[in-house]
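Asks: I have a structure here, written as structure tokens, and I will follow up with some questions on it.
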2 protein chains.
Amino acid sequence: MSTDMSTSSHHRVNLAAPRGFCTTFKADLKESLFPDDPFNGLQNEKALRKVKKGLVYFVPIFKWLPKYNFRTFLYDLLAGLTITSLAIPQGISYAKLAEIPPVIGLYVSFVPPLIYAILGDSKYLAVGNLAACSLLIKEHIGEVASPENDPTLYLHLVFTATFVTGVMQTLMGVLRLGILVDFLSHSTITGFMGGTAVIISLQQLKGILGMKSFTTETDVVSVLKAVFRHRKEWRWETAVAGIVFLIFLQITKFIKDKKPKLFWISAMSPLVVVLVGCVFAYFGDAENHGIPIVGDLNRGINPLSIQHLNFDMRYFPAALKAGCITGAIAVAEGIAVGRSFGMKRNEQVDGNKEMIAYGLMNIMGSFTSCYLAAGPFSKTAVNYSAGAKTAMANAVMSLFMVLVLLLLAPFFSYTPLVALSAIIVSAMLGLIKYDVAFELLRVDKFDFLVCMAAFLGVAFISMDIGLALSVGLSLLRSLLYVARPGTCKLGKLPDLGLYRDLEQYPNGIKHSGILVLQIGSPIYCANCNYIRERILRWIRDEQTSSRDVVEHVLLDLSGVVTIDVPGIETLGEILKILTGMNIKLGLINPRLKVMEKMIASHFLDKIKKENVFLSAEDAVESCRFSLDRSTENSGLSSARQSDAV
Amino acid sequence: MSTDMSTSSHHRVNLAAPRGFCTTFKADLKESLFPDDPFNGLQNEKALRKVKKGLVYFVPIFKWLPKYNFRTFLYDLLAGLTITSLAIPQGISYAKLAEIPPVIGLYVSFVPPLIYAILGDSKYLAVGNLAACSLLIKEHIGEVASPENDPTLYLHLVFTATFVTGVMQTLMGVLRLGILVDFLSHSTITGFMGGTAVIISLQQLKGILGMKSFTTETDVVSVLKAVFRHRKEWRWETAVAGIVFLIFLQITKFIKDKKPKLFWISAMSPLVVVLVGCVFAYFGDAENHGIPIVGDLNRGINPLSIQHLNFDMRYFPAALKAGCITGAIAVAEGIAVGRSFGMKRNEQVDGNKEMIAYGLMNIMGSFTSCYLAAGPFSKTAVNYSAGAKTAMANAVMSLFMVLVLLLLAPFFSYTPLVALSAIIVSAMLGLIKYDVAFELLRVDKFDFLVCMAAFLGVAFISMDIGLALSVGLSLLRSLLYVARPGTCKLGKLPDLGLYRDLEQYPNGIKHSGILVLQIGSPIYCANCNYIRERILRWIRDEQTSSRDVVEHVLLDLSGVVTIDVPGIETLGEILKILTGMNIKLGLINPRLKVMEKMIASHFLDKIKKENVFLSAEDAVESCRFSLDRSTENSGLSSARQSDAV
């Protein structure tokens, strides 16, 4: 049996000597960076098995490939074909958003998915480019190089930004800094995606209305102004085509929502729109009728671009900034998408492995004429619905994309821009999640605020500021959590030896003369003033509201995980103040780290061992005993005796 | 009796409906900004009494003046005289550090102390200028206006920075943002003061060696380079005088340390140094012997300077930055000093009131030719030792300073600069607190790191960067606290119904098949991934290390003060994963806010009410009951029965 059968009674708090610095430091470091304990069970293995186990751990393909069979491959083949059909229109459309040659968008679905198939930890994630990040890249790189006037420099800087993203993501994975991504909360991502969806949709009015002049600003007001300022450029031909396409796409989505099994209708519809558009444009000579087309899509797979990476210090800061911001967003979104689909099948996705996979695929991508690749929600959803079983679906897509690039690419050069705009708008409308925002509003107002800050900030100011506002609010809340740890007054539940929050359990019993307070975690420099003030206020409140003379204050430290030097000093001050007020201080259940600090700083000698208790019950009993004695000694009629349980 | 005598037994968790948004929002806001509950007890009073009570609360002089008597005044008179003797040399010296006319340093001890005497909440704080802040002001304002080439503009910008400081401090007090100052931790302040002490001391080598050329940089390397590059300017006359003065000052300090009652010897010694220096300089014609003197100290009290405040946008940003940074440091240091001396007499100092007092004295100061005033440690220590009883000591100093300004000022113009340098070095040496740093190293390594970051950053890079590094580290730790809340495995203490951390109490009993985990606070977006991973790892560890089949996981939420939407979703995911692993999830003692969110988000319906327990004991009993039943049903030999307590 695993149970420790020792029956030696041990009523006292464990006052053993503190652990050494190295022990605690190692434990803390492990909790911070290796919470998933990757090397667990490796220590006692032989060298060869160690390497093998490590390889299986770090390169997920070794986990699933040995068990791979033809039946699974058929599923992945179908899923791969389906996502290829989505990859073509999305690739071209989002590349247009980033103002780079549309063929780059197709390249993205060749090299990166191959790498993800080897290293990716999610089974359902489909690799592709992202609308929001494409726009962000354009915003940042556009500041130092114009995509119209110097398209070559602009393109090279986009590759450089992709390289930066890759290096950053790999480093984050290797250094196990997934903790940083945790601060890009789900509320922030929801608001950010919604905000970018709104501005990207509005920008598509340019394509749908067939306009030529437009603004480079991205906020709602500037975009709407630009749309209405150039009213004379509006063309009914493109508008009609755009609306027809959009209605078609929305109907297929509606069908999918009603009958999830028909998801492939919605998945194929963007390709259908592109094909129909191409056929019309080819035979109808669209360009001469004022309907602009994509143009220039040459045959051939990704050319090398490693020689084009540009580290010129005039431009590099912009590429660095663009790479870091888009990299963080891509990782946060991708991991969230991978996890949420994994969750449906009860499968875990390791954030650190995902970051390394993303990083390497972006580094390789930047060498082979690709730009930022990640795991877009729409493509992944299609992949999941199409029945993908492993990351092989990405490899299949990669193969089909090679065929497209080698054989069909020129055909797609006839794609009318209005078709792309309709596809983008349709995809974007799905990213504005009213229901999530509403749920946030209902359950947690602050989360809603974080979400709205990102949404409104992105829509009305700029993408960076919206994101910064939202992340800032999240951080502020994190700081508030530690600056204002909750304290509460405890009372004894009738008939039970349990002490619980009196606000939550109003029928709890308060012994007169004894105040039991539960302190939140942690106690440290940024909140120790607050904790001191708050404890004194609890005493003041107790003495004024219930006209009770407090003689004992018991602090329940069960929830306090850690404490630092100013925290310990504060406990010392509280002890001193209470002693001055003739109140005795007792501590209940200090935990391991707190006890270690209390011993190291000699606070334990000040408060005395006998005033540290193992449970609230013990502590209150001891206080009542001393109260009874004092009332007996002073000869007062012992009213206190009456509140015995 | 105040005790609730209801004895209705109530073994279940309180599942009452959540409180309204307004209620919780009001409660949270109050905890964040008004933890000291200033208006407590005012609601039920009459209007006139309300005003009176409010006045007594907000203007501390009304609290002590009515009880003031002649005996107390005698104490304050002596203390006021003593700090005046210190205010003259310190005022002149630190004004020299800020490169403003030395008389400004005397003005600072006239108007601001008067205002502090009315509004200040600390009884022992002595108002004066600060060495570190003087240097910081010079650094920042010096960037846009040269103190040598354009002294008038420079001076006016210093007044403007003081005005900014005042407005900022007042706003912080009124908006009750003392919480911001809490993030300037004691470790940061210790390191920062130590670092500035080192560079200020080194800079005094210019005065002590009688050099004329020097650097404007403040880091150790530049200063030492400047000292040795101009070796030919060194003069033995000033060096001898400086060393004699310094030895004299250190001896008086040594006497004070040995016999605290003789503190006045040390307190008076800087004035003695100045007087001796003046006499020698006057009769010895020092200036012509190469010993530079202060020069230019005209009679007369503070002239108005409100018309000189300069809000020209070319210079204002520098004044704004200088004002904000020095203001924050001054407030943090001043409040810490006030509190630590108050603590010696068991008296509380209200941070918010102090901030308002500091703010108003700096605003008024900026109108009357003063620069940044706060509560320096050295002066306050002397004030406390000299027996000050109330803030009246500041008013006394103010009066004596008027006499000095009207009658004696020209005499001090003969003060040799080397005397000032010796005084500064002597004061600075006392600010390098090896013992505090060593104590930090012993008790908390991270606090030591925060302290060293400030110390080394200030000494070797720059004051701003050192400060930013240190505050950044503090914030990082705050974020780590919430990103990695401690979890631990609980076991039952023999013979007691208590569940405690098994690492702390290794003799606790683990029931096989049941895993009890205590979760740290809070559960929210930035740590929910961690918490999920960590719980799964506990289960994995349990199953591999002790080869025990976990069938029940119980999460003790007693310490979890708050949870947000992603946190609740994570609990849902954990429930789903565990259900997939055939493990039952139970929750122990969710607190008020957590329960509210669980109800609002319908998580309670998913986990079922019967799986939420009031105590670990209840929960384990219930799990063991179901385990026993299942083993009986499956007909296994019930090994589990044997580990009954």
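In case you wondered, yes, glycine gets a Cβ from its N, Cα and C as well.
Just so you know, TrEMBL annotations are computer predictions that nobody has curated.
Below are the features listed in TrEMBL for this protein:
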DOMAIN    B:504-623  domain 'STAS'
TRANSMEM  B:73-94  transmembrane segment
TRANSMEM  B:100-119  transmembrane segment
TRANSMEM  B:153-171  transmembrane segment
TRANSMEM  B:183-202  transmembrane segment
TRANSMEM  B:234-255  transmembrane segment
TRANSMEM  B:262-283  transmembrane segment
TRANSMEM  B:355-374  transmembrane segment
TRANSMEM  B:395-412  transmembrane segment
TRANSMEM  B:418-436  transmembrane segment
TRANSMEM  B:448-476  transmembrane segment
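Provide an account of the burial state, proximal residues and distances for the features listed.
Replies: A Cβ distance under 8 Å defines the sequence-distant neighbours of the transmembrane segment (B:100-119), meaning residues of its chain 6+ beyond its ends; these are 59-61, 84, 87-88, 90-94, 125-129, 147, 151, 154-155, 158, 294, 296-298, 301-302, 353, 356-358, 360-362, 364-365, 368-371, 373, 391-392, 394-395, 397-398, 401-402, 404-405, 409, 412.
Tertiary neighbourhood of the transmembrane segment (B:153-171): same-chain residues 98-101, 104, 137, 140-142, 144-147, 177, 305, 308-311, 315-316, 318-320, 322-324, 326-328, 330-331, 355-356, 358-367, 369-372, selected by CB-CB distance under 8 Å and a gap of 6+ residues from either end.
Residues of the same chain lying 6 or more positions beyond the ends of the transmembrane segment (B:234-255) and with a Cβ under 8 Å from any Cβ of it are 207-211, 262, 265-266, 269-270, 272-273, 277, 289-291, 416, 418-419, 421-423, 425-426, 429-430.
Through the fold, the transmembrane segment (B:355-374) approaches residues 58, 95, 98, 100, 104, 107-108, 110-113, 115-116, 119-121, 127-130, 133-134, 137, 158-163, 165-174, 178, 181, 302-306, 309, 326-327, 330-331, 333-335 of its own chain, all at least 6 residues removed from its boundaries and within a Cβ separation under 8 Å.
Sequence-remote contacts of a segment are chain residues at least 6 beyond its ends whose Cβ falls under 8 Å from one of its Cβ atoms, and for the transmembrane segment (B:395-412) they are 76-77, 79-81, 83-84, 87-88, 92, 102-103, 106-107, 109-111, 113-114, 117, 126-127, 274, 278, 294, 297-302.
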Asks: When the domain 'STAS' (B:504-623) is classified with DSSP, how many of its residues are helical, how many are strand and how many are coil?
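Replies: Residue counts in helix, strand and coil order: 59 helix, 20 strand, 41 coil.
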Asks: Over the span of the domain 'STAS' (B:504-623), how high is the average pLDDT in this prediction?
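Replies: So the average pLDDT across the domain 'STAS' (B:504-623) works out to 87.
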